[in-house]
Amino acid sequence: MEFFLAVVPRPRVITWFWLVLLVCIHNTEKAISASNYLVGLGSYDITGPAADVNMMGYANSGQTASGIHIRLRSRAFIVAEPQGNRVVFVNLDACMASQLVTIKVLERLKARYGDLYTEKNVGISGIHTHAGPGGYLQYVVYIVTSLGFVRQSFDALVDGIEQSIIRAHDNLHPGSVYVNKGEILDAGANRSPSAYLNNPAAERAKYKYDVDKEMTLLKFVDDQWGPVGSFNWFATHGTSMSRTNELISGDNKGTAARLMEDWFNQKSAARVLNENPRRVSSIIQGTQGNHHELLQLAASFQSTSGKPVTKYLSISRRVRSSLRTAERPHFVSAFCQSNCGDVSPNVLGAFCSDTGLPCDFNHSTCGGKNELCYGRGPGYPDEFESTRIIGERQFKKASDLFTSASEKLNGKIDFRHTYLDFSQLEVTLPKQGGGSETVKTCPAAMGFAFAAGTTDGPGAFDFKQGDNTGNPFWKLVRNVLRTPSKEQADCQQPKPILLDTGEMKQPYDWAPSILPVQILKIGQMVILSVPGEFTTMAGRRLRDAVSAVFKEKVHVVIAGLTNTYSQYVTTFEEYEMQRYEGASTLYGPHTLSAYIQEFKKLATAIVTGGTVEAGPQPPDLLNKQLSLLPGVVVDSTPLGVKFGDLKTDVPKNSTFKKGDMVSVVFWSACPRNDLLTEGTFALVELLQGQDTWVPIYDDDDICLRFKWSRPSKLSAQSHATIEWRIPQSAATGVYRVSHFGASKNLLGSITHFTGSSNAFVVK
């Protein structure tokens with residue numbers, strides 16, 4: 001030390017002392033916080049066909065995709081022990097998971113990774129948006145309105161899920177996972193309160209609300225990169241967008257995910273200036289100057305006529321393009337679904353559209369008819385605004401929980417999975433006064449109240465919720481398809497059967513009978529993968545039953561609509577009321593009891609280290625699928641017009657203010673020719689300097705809408721309308737709107753094209 005002091009001047013000694021001390025402290029902190037886990041997240045585009053395909057959710061045959069509000073994504077996380085177990089959870093911006101999609105994804109994972117990822121440790125869940133392309137489920141009842149199976153929808157999901165898992169796998173690094181919880185009081189309301197009130201008063205008294213208000217969030221932290229993502233579970237339906245909406249959208253949860261990812265990336269961009277930020281106004285400035293100078297500059301950029309381009313131009317120009325990112329992993333944020341069965345985002349209540357009065361409490365009717373009873377979202381009458389508000393409320397709570405998360409997950413990773421035949425499952429129930437009795441579930445069947453729909457999306461004709469008798473006329477119609485047996489009718493009581501789907505097998509199965517149940521456990525976090533929509537009280541009973549099995553303190557969440565789809569699950573008491581949810585509880589009044597029994601078995605096996613039987617395999621019906629949706633024959637434009645030309649342009653020398661709407665119409669082609677996966681159909685660009693156009697907003701931004709239409713149903717001509725509501729955060733400068741697409745000629749060859757509007761000024 002004396003030699004060091006003699007050689008090095010004293011001020012430098014002090015400096016070196018503090019540097020060494022800081023390094024020691026840093027290394028000590030890393031040693032203390034070193035995780036036992038590997039953590040990886042990934043995301044990929046699953047938007048699918050943005051034209052002609054019926055949307056999944058409302059079963060409204062007139063609701064076909066005609067553009068994009070925001071894109072749909074598959075988001076995945078993997079948490080692994082370095083030399084042990086691992087689990088995968090995938091959250092889809094889709095209405096629900098599909099058994100056939102799950103089967104094919106697992107086949108691909110086996111081909112790529114062997115037995116690393118199987119049905120045992122992979123969970124695939126849907127957010128329940130009702131604004132995504134349908135036709136990807138394998139059972140008849142779910143693909144009637146989509147005119148059968150839609151291969152493009154199916155492939156987009158399978159490809160996207162696989163790619164998101166690959167990205168998560170490739171991003172696996174040592175890291176930590178934190179859990180946090182908090183309440184959102186204004187993002188969900190019970191849409192079947194009369195059924196909820198049929199639950200025992202003593203049970204209801206244990207809860208402050210008639211819906212679950214709690215959000216549970218996982219925060220993923222990479223030891224090298226820091227925070228890399230979050231997944232949360234919160235119960236509210238994906239029905240902020242109505243049954244007449246025709247723009248593909250992740251609804252309120254997809255909106256929340258977009259807001260959360262942009263929020264984090266904006267914070268990161270503020271620290272890393274060489275990355276392209278999502279909101280440029282505070283980081284990258286547009287061309288500066290007074291208004292007159294900007295107008296002169298804009299005048300030098302007139303609209304470009306349509307021209308052929310390569311397939312990959314829309315990918316490279318996309319705002320969030322992976323081609324322009326740094327080497328750090330993408331931040332991935334998923335807003336997952338939970339026990340949303342009776343939870344509506346239309347929190348203002350249900351009202352009659354003709355009188356403005358509240359709907360009938362017990363039947364959700366107006367003058368005895370269900371068609372006029374609609375729930376109202378917080379942005380009523382603007383469904384896009386309601387979607388934004390409910391999404392923003394979830395985002396704000398998630399960002400708070402993310403920032404304050406401090407409870408670290410520790411302990412083993414484990415999982416259990418089995419398949420069960422829910423058409424004839426024996427369930428042991430305790431009897432009042434002691435002893436037990438054995439009851440059975442039933443083959444799937446849908447009640448009359450199913451056809452009445454809900455306040456989120458009313459049905460048609462004279463069906464109504466709360467119907468436990470049925471209608472003689474519709475029973476005659478039903479009997480043309482299949483007359484339920486007396487045994488089935490007795491089993492499903494008090495449900496009057498409208499469609500005996502579990503016993504309808506032509507041209508192939510109408511409904512599932514074999515269902516997967518699964519538990520994924522990461523330390524003190526327990527995820528219950530359920531293949532349906534549990535109501536609030538049904539979910540509470542299941543969570544409580546599973547929590548009681550674990551001796552340690554655990555956080556139990558329900559991941560709804562996971563691995564396959566089998567509609568609703570109510571309590572026994574709610575089933576008796578036969579509102580929409582009860583009529584859609586396929587396997588009879590003891591469905592929930594069956595789930596509780598079987599999930600307790602899985603939880604017990606985890607606690608004791610026991611095994612569970614694999615169970616009967618669900619069918620793979622891919623080769624039996626029928627598709628009646630015609631393909632794209634040809635695209636055309638008027639004589640002398642090219643694809644990508646402007647039909648309606650921004651006037652020259654235009655100036656817009658923040659909050660204004662910019663609308664441009666291009667001559668286009670059917671979006672089904674190329675889905676532009678990981679690309680964009682619409683783009684807003686900002687002039688940087690004198691001649692460089694920077695991508696600022698695309699069709700994955702809430703402020704930009706891509707609308708596609710034909711002049712007539714059988715026309716080969718089509719238009720793309722791009723609407724940009726200028727955000728308050730937009731920078732002053734010179735902008736233009738561009739469109740990308742792909743046309744098909746009579747020989748079947750595809751040509752990609754683009755076109756751009758006149759430049760204009762935003763001040």
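Placement of Cβ uses the backbone N, Cα and C atoms for every residue, glycine included.
Those TrEMBL annotations? Automatic predictions, nothing curated.
Annotated features, as they stand in TrEMBL:
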- SER344: active site, nucleophile (ACT_SITE)
- HIS128, HIS237, GLU533, TYR568: Zn(2+) binding site (BINDING)
- 37-597: domain 'Neutral/alkaline non-lysosomal ceramidase N-terminal' (DOMAIN)
- 599-762: domain 'Neutral/alkaline non-lysosomal ceramidase C-terminal' (DOMAIN)
- 1-33: signal peptide (SIGNAL)
Residues satisfying Cβ distance under 8 Å from TYR568 (Zn(2+) binding site), sequence separation of at least 6: GLY341, GLY532, GLU533, PHE534, THR535, TYR580, GLU581, GLY582, SER584, THR585, LEU586
Cα-to-Cα gap, HIS128 (Zn(2+) binding site) vs the residue listed as 'active site, nucleophile', nearest whole Å: 12
Beyond the site residues HIS128, HIS237, GLU533, TYR568: chain residues whose C-beta lies within 8 Å of the centroid, for Zn(2+): GLN337, CYS340, GLY341, VAL343, GLY532, GLY560, LEU561
Distance from HIS237 (Zn(2+) binding site) back to SER344 (active site, nucleophile), taken between C-alpha atoms, in Å: 5
Cβ neighbour count (within 10 Å, all chains shown) around HIS237 (Zn(2+) binding site): 30
Across the domain 'Neutral/alkaline non-lysosomal ceramidase N-terminal' (37-597), average pLDDT on the 0 to 100 scale: 95
Cβ-Cβ neighbours of GLU533 (Zn(2+) binding site) (radius 10 Å): 29
Least buried by Cβ count (within 10 Å) of the recorded positions HIS128, SER344: SER344
